[in-house]
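Trainee: Okay, these came from Swiss-Prot:
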BINDING   CYS6, CYS14, CYS17, CYS92  [4Fe-4S] cluster binding site
BINDING   GLN217, PHE246, GLU273, ASN319  S-adenosyl-L-methionine binding site
ACT_SITE  CYS346  active site, nucleophile
Amino acid sequence: MPKLNCHHFEQNRCNSCQWLHKSYTEQLAEKTSDLKRLVSPYLLQSTEFLPAVTSPLAHFRNKAKMVVTGSVERPILGILNDDGTGTDLTDCPLYPQAFTPLFPILKTFIGRAGLVPYNVAKKRGELKYILITQSQHNQSLMIRFVLRSELKRPLVERELPMLLAQLPEKSVVSLNIQPQHSAILEGEQEIFLTEQQVLEERFNQIPLFIRPQGFFQTNPTVASQLYHTAQEWIKERPITQLWDLFCGVGGFGLHCANTLQTNNPNVALTGIEISASAIASATKSAQQLGLQNVKFASLDSAQFALNEQGTTPDLVIVNPPRRGIGKPLAEFINQLGSPYLIYSSCNAETMAKDFASLSHYELKKVQLFDMFPHTAHYEVLTFLVNKII
């Protein structure tokens, strides 16, 4: 398979994609070998190690995080160099092609609204970042201007109609206030400038809602296959109750419950996530799908599991952050005794450590999903079955 050509990488201006010097075939081979090495202690003769799910080489990202440098008349959108200057990355080949005409529109808007780029060395200026996300479902955009203060809000609101006239319908525009002089991407305060406050995405006919500051997969092509695969793995299993821990906006749980409820309307889903805004998104999705017996709650996943002693779901889904689920939750899952476990991970190293603690389970399926081409990172989906079944 070919390599992706990027002049920023070739000229050493941007090294975010550390593996651009490798062909895509090499990248996949290295990732597959890394995953095999990590899970090898848990591979049985009956374990299916499935072929990797590949990504498009370019235009696969649904979001851009642009540091704003330069001047208000000539803003630079891209990354910040060590010397404080900026590199323009508006032609980055990872972004959707719809972003190409958007960047000049945003540069004009910056000038008209007087959003002086923040100068780190001088601690002056207002505009720190522009964060952009696109919905593949309806091409609507979420554009977030990260500002030092609300000083320029009146000017932004004055120029907003001209910006909105050039954006797709159902787009979201907001100001995020980040007053600290530090490399923090966003602050806690979000000011919506549009009535629309969420982007609707759809994977496999399942509506999912993206909110500012919420986590959402950055590679929609691969993410939709990830959720669909989980759905396929469990659809014929005798499952009437499932828990989706670390559920985020509900991607895994909603896909699984939706397919299971077509055969059995009594299937019940409980989704747990510490982020209240993600839970609001998941609840909205369940309502739109018309799913019954679905409950999402904003709690710490480990704490929820420990509180629910005495209840045993047929399926537990875990999709933890990079640190993994940890020993206490793994031991609780052992004691819980659910027949089936789906573990999705963005860090196979911590997942493998968790497998050592999940001693009541054996590994039935493993599949690599190349969510992050041109880097060493990947997503992995696994299916485990209780040994007593």
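Positions of Cβ are set from backbone N, Cα and C atoms, glycine also.
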Trainee: Please report the Cα separation of CYS6 ([4Fe-4S] cluster binding site) and GLU273 (S-adenosyl-L-methionine binding site) in Å, rounded to an integer.
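Mentor: Between the Cα atoms of CYS6 ([4Fe-4S] cluster binding site) and GLU273 (S-adenosyl-L-methionine binding site), the distance comes to 38 Å.
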Trainee: What whole-number value in Å do you get for the largest C-alpha pair distance within GLN217, PHE246, GLU273, ASN319, the residues recorded as binding S-adenosyl-L-methionine?
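Mentor: Result: 16 Å between the two most distant Cα atoms.
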Trainee: Given the recorded [4Fe-4S] cluster site (CYS6, CYS14, CYS17, CYS92), which additional residues of the same chain have their Cβ within 8 Å of the Cβ centre, ordered by sequence?
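Mentor: Everything else in range on the chain: HIS8, PHE9, SER16, LEU20, LEU89, PRO93, LEU94, HIS374.
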Trainee: Around the Cβ of PHE246 (S-adenosyl-L-methionine binding site), how many other Cβ atoms lie within 10 Å? Please give the count over every shown protein chain.
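Mentor: Taking every protein chain into account, the count is 23.
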Trainee: Closest to GLN217 (S-adenosyl-L-methionine binding site): which of the recorded positions CYS14, CYS92, CYS346, going by Cα position?
Mentor: CYS346
Trainee: Which chain-mates of CYS17 ([4Fe-4S] cluster binding site) that are at least 6 residues away have a CB under 8 A from its CB, listed by sequence?
Mentor: LEU4, CYS6, PHE9, LEU94, PRO373, HIS374, THR375
Trainee: Return the member of CYS14, CYS92, PHE246, GLU273, ASN319 nearest to CYS346 (active site, nucleophile) in space, with distance defined Cα to Cα and candidates limited to these binding-site residues.
Mentor: ASN319
